[in-house]
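**Q** Below you will find the structure I want to go over with you.
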Amino acid sequence: MKHLTGLCNCSAATIATLLELASDYKKELLKSNPQFQPTLCNKRIALVFFENSTRTRFSFELAARHLGASTLNFAAAASSVSKGETLSDTIKNLEAMQVDGFVLRHPSSGAANFITTITSRPVVNAGDGANEHPTQALLDLFTLQEHFGRLKGIRIIIIGDVLHSRVARSNIYGLLSVGAEVGLCSPVTLMPPDADQLGITMFTNLEDALAWADAAMVLRLQLERAAGGYLPSLEEYSVYYGLTDERLDRIQKNLLVLHPGPINREIEISNNVADRIQPPGYSKSMLLEQVTNGVAVRMAVLHTLLAENGK
């Protein structure tokens, strides 16, 4: 694997290898004084973020440091991009500084694939427009596998703005690749038109979707969707598609709850559900576990691309 720009063409075997390595890294991360082999010692990784990020950027930075690499943090607003420099020129200039790899977040779909055509360095897609966010999907798969002990055959319902979600797209590709069953639940205005061609079960009623699923992945609702005419109002969306205690308690099953963050509390998910770590009821929030797993998964990705490819 030279780059990780998406999961659309990522094999089940590749996913399994990355998750196995992530599992080893997580065991060490959870120790009071974790010690890692510095497999990326003297490597320089450019974190090129054209959009804001908390979890993804910081976890990539931690992942790189755990493996002995140094990071260059690029912020578009404080760079020559603000003076009109193109993405292509930015990447070429960083490569000329002998950067060993790129982690890119960009608002344009296809940006990560584009820069693989202009650099010989490994590229990791940290989210490009509405296209893909592969490391988020990998950490979601890792979280599910840790809990269920497998991925094949489990049912995951993805709830919310599937149409515009790069997280949903990468998860759909990854989950189908490993043999999981995928369901989508959203208003028809936020459902991708090609979903029925992928062998996906579609729902418009949230209660039916939750009853079908083993795990629920709640997507962040981009608040501008109401203003854009995709929704009558945020309040109505919350009434019909918000994940609440009452909805989870009615299905009376051990449902796992995931969310990629950031959260719009009391819109797509209630405070109680988001924070339900050890519940008295039937469901469990994995939101913070996902964040922990993100560091281990991104360590696995960086090691695979920069250490193994450099042998």
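Using N, Cα and C of the backbone, Cβ positions are placed for all residues, glycine too.
Swiss-Prot feature annotations, pasted as is:
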BINDING   ARG55, THR56, ARG105, HIS133, GLN136, GLY261, PRO262  carbamoyl phosphate binding site
BINDING   LYS83, ARG166, ARG220  L-aspartate binding site
**Q** Give me the CA-CA distance between ARG166 (L-aspartate binding site) and HIS133 (carbamoyl phosphate binding site), in Å, as a whole number.
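**A** Answer for this pair: 5 Å between alpha carbons.
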**Q** Enumerate the residues of the same chain, ARG55, THR56, ARG105, HIS133, GLN136, GLY261, PRO262 excluded, that satisfy the criterion Cβ within 8 A of the mean position of the Cβ atoms of the recorded carbamoyl phosphate site; list them in sequence order.
**A** SER53, THR54, ALA126, GLY127, VAL167, PRO260
**Q** Does PRO262 (carbamoyl phosphate binding site) have same-chain partners at least 6 apart in sequence with Cβ under 8 Å from its own Cβ, and which are they?
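**A** Result: THR54, ARG220.
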**Q** Counting other Cβ atoms within 10 Å of each residue's Cβ, which of the binding-site residues ARG55, HIS133 comes out lowest?
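**A** If we count Cβ atoms within 10 Å for the binding-site residues ARG55, HIS133, the smallest count is at ARG55.
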**Q** State the count of C-beta atoms found within 10 angstroms of the C-beta of GLN136 (carbamoyl phosphate binding site), not counting that atom itself.
**A** 25
**Q** Report the largest Cα to Cα distance, in Å and rounded to a whole number, among the residues ARG55, THR56, ARG105, HIS133, GLN136, GLY261, PRO262 that the record lists as binding carbamoyl phosphate.
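**A** Looking at ARG55, THR56, ARG105, HIS133, GLN136, GLY261, PRO262 as a set, their Cα atoms extend up to 16 Å apart.
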**Q** Quick one: what's DSSP say for PRO262 (carbamoyl phosphate binding site), helix, strand or coil?
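**A** Coil, per DSSP.
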**Q** Among the binding-site residues listed here, ARG105, ARG166, ARG220, which has the most company in the form of other Cβ atoms within 10 Å of its Cβ?
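**A** The residue with the densest Cβ neighbourhood is ARG105.
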